[in-house]
Each structure stands twice: as structure tokens, then as C-alpha cells.
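Annotated features, as they stand in Swiss-Prot:
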type	residues	note
CARBOHYD	ASN48	N-linked glycosylation site
CARBOHYD	ASN59	N-linked glycosylation site
DOMAIN	75-183	domain 'PA'
CARBOHYD	ASN101	N-linked glycosylation site
TRANSMEM	208-228	transmembrane segment
ZN_FING	277-318	zinc finger
REGION	346-428	region 'Disordered'
COMPBIAS	416-428	compositional bias 'Basic and acidic residues'
Amino acid sequence: MGPPLGAGVSCRGGCGSSRLLAWCFLLALSPQAPGSRGAEAVWTAYLNVSWRVPHTGVNRTVWELSEEGVYGQDSPLEPVAGVLVPPDGPGALNACNPHTNFTVPTVWGSTVQVSWLALIQRGGGCTFADKIHLAYERGASGAVIFNFPGTRNEVIPMSHPGAGDIVAIMIGNLKGTKILQSIQRGIQVTMVIEVGKKHGPWVNHYSIFFVSVSFFIITAATVGYFIFYSARRLRNARAQSRKQRQLKADAKKAIGRLQLRTLKQGDREIGPDGDSCAVCIELYKPNDLVRILTCNHIFHKTCVDPWLLEHRTCPMCKCDILKALGIEVDVEDGSVSLQVPVSNEISNSASSHEEDNRSETASSGYASVQGADEPPLEEHVQSTNENLQLVNHEANSVAVDVIPHVDNPTFEEDETPHQETAVREIKS
């Protein structure tokens, strides 16, 4: 009948700290007894276990020192030592029966009982306080309670209110079962319990699970919202960039279709009553290259072109050059559709002559900047009719209204009815 030497040899040295860390983790994950105070700090217990092994008539002591126990929450924090004694009878290991007895060894040669510790198994339908109180009534100096079968070396901080008269600790099931089997083989096992280290506060596995799930949900929601927000901003930025590029490209095309004019000596814009460029606030000079917008306002080419690229509107009247030239931009997807009337050439021809006509009465800011030579109105009507005949040959039925562009409604009153040319339906 040999002693359980394997455990004693393997636990010597520095294995106690690593086991303690593992037990601390298991303690946090293990369920607590009803009424336990999981938020309180927990004290571990150093255990010095020794076996008196009879061998060929000679007693030999084998010991092991480890930090494998946990003090109960209502237990006195003090050291205690004694011989481990289980309850009598194989079915009484839980010590839930109030008539449970313990067979305590006596000092050799006398009837005086030695100092002893009750070795009790957890469970059986009674509380920790019932087990510890029974051990105290039977004269034990302390109670060592080992965990359920199947829990290996997991331990929990016991709560046993009303049973704080003696030291009470809990050890793992594997540890307690090994000691119990040694006692049942007739080996006397002695345990010295010393106060270990303070750990805490402790939480049970339900708290850890709740905190973990909550943290995961919050983190996932935060990351998901950040990804969604970033993707949305990136998509909007790309769409805006595409739109701006498209608008700039259309603005370049529109600027290329606007008329340019080089001012000469004798032009109204250079005379004593001449106006200045609204962008750079400088007077016009001979040989200045000016841009004529669709609203008949003129500006220096170098001044107004950068403005038109960014804003696409007249700096003075906010007239949109894209719309004035028949370019419509779809704001939703940035697509651009060109809508040029059939009578575009006719309208341009008519409007150019009418702008020359209005330049006599309008101010330099709102006046036309066409050349001084104006063809008679009869020639304008004749050329218009020729263009309409050309359109009539290319289409069976075309209805075109040629309406001159008016930059300001106040000038419309000065126009005579015969300056509008309306072409009705022509059938071949």
C-alpha cells in the first residue's frame, strides 16, 4: 500500500503560483452558491498536506505545499492544523444528516483526541453553513469542503453566514478525492492551513458572460456604424467629385461656345462713359480681350473664365450659362443631357442681330457688345426665311419659335413686335 507520492513531488517548487492563476480564472467562471457575496474579495489558503505512510514497520512522512484552497467569506482568516477526518459511512460524506459522526483518532497512549479537521463533500441538499456548523459541534478545529464530482479542481468562495466559529476552506474535487482515498486506505493525512493572498473582487460566470456580450454588442455596433458612416461619406465624396468634374468639363465646353471680342479704340466700353470689368474693377482699354456671356454682360477673359469654371454663372446677374446654352445637368447621377433646339442656328443668328440693336440703348454693363455695323432688319428677316426653308427640306413637319434672348426684362419693353420671328407649322 504505497502513498500518493506523485502529487506531492509534482507540486513542489513553483507550481503553486501557476495553479493559483488557473483557479482564479475558474473561480470567476464557476457558479456561486445562493446568497454568496460575489463582489467581495477572496483569500486563498496555503495547504501543507502530509501523509504518514507505514512501510515495513517504519513510518515515513511525505508532504506537499501548494496554494489550492479558498477561505469562506464568513470564515476567520487565521491558520489552523489538524488531522483530516471524513464523516463516518460512505453515504455520509456530505454531512447533511444532523446525526452524522466523525471517528477522531486519539493521542497515542491516551483518550485525548488530536486536533482534527472535518473533510466534507459539497452538496447533499444542505448549505455550507449546515456542514460547517455540524463540524464545529463535533469538535473540529476547521472544515475542509471539497467540490462536486466532475468539477476537477474548481473552487468557489463559499458563503456561510452564522457559521463563522471555525476556519472553513474549499478545495477542488480532485484534491479532496485523493485525500479521501488515502484516508480510506488507512493513511493518516494531516493538513496545515495558512492564510494566502487576497484576490478580488470576484464575479461569477454570469456576470462575466453579461459583460462580455454587452461589450461585444457595443463594440460591434460602434464598428458597424463607423464603417457605414465612412462608406457613406466616401460614396458621397466620390459622387460629389464626379459631379464637380463633369460640371467643370461642361463649363469648359460652354465657355468655348461663348463669344470673344477684342476691344478697339472708339468702342462704347472705352469711351468717356465706359464701364469697368465687374471682376477686377479695372477700366476697359483698347486691345483688351473680353468674354461676352449669354446675358450680354462682358468681362475680361482672364477674369471671368476661372469664375465660370467654378460657378458657371454670370458674376453680376447669376445667369446660368449651361442652361442658357441648352445644357441640363442631372443632379441625381451627374449625367448631362444636351438639349439644343432645331432652330439653334436661327436663334443664334436672330439673337446676334437683336443684341446689336439693343446695344444702342442699354448701359455698358447690360448692353450688347456686338460690332458697330448693324445689318438692316429686312436683311435679318430674309436670312431667317432662308434658314427656315433649309429646315423645311430636311424635315416634313417642324414647328420652331425663335425668340430672342433678353438679358433684362426692362429691355423687353423697347422691343418692337416685328423683331420676333415666329415660324408656324410647315407641311411639305
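Just so you know, glycine gets a Cβ as well, placed from its N, Cα and C.
According to DSSP, ASN101 (N-linked glycosylation site) sits in a coil region rather than a helix or strand. Rounded to a whole number, the C-alpha distance linking ASN101 (N-linked glycosylation site) with ASN48 (N-linked glycosylation site) is 26 angstrom. Annotation for ASN48 (N-linked glycosylation site): spatial neighbours TRP63, GLU64, LEU65, MET191, VAL192, GLU194, criterion Cβ-Cβ under 8 Å with sequence separation of six or more. Mean model confidence for the zinc finger (277-318) is a pLDDT of 90. Note on ASN101 (N-linked glycosylation site): other Cβ atoms within 10 Å of its Cβ, all shown chains, come to 13. DSSP states for the zinc finger (277-318), grouped as helix (H, G, I), strand (E, B) and coil, give 11 helix, 9 strand, 22 coil. Assigned with DSSP, the residues of the domain 'PA' (75-183) fall into helix, strand and coil as follows: 24 helix, 26 strand, 59 coil.
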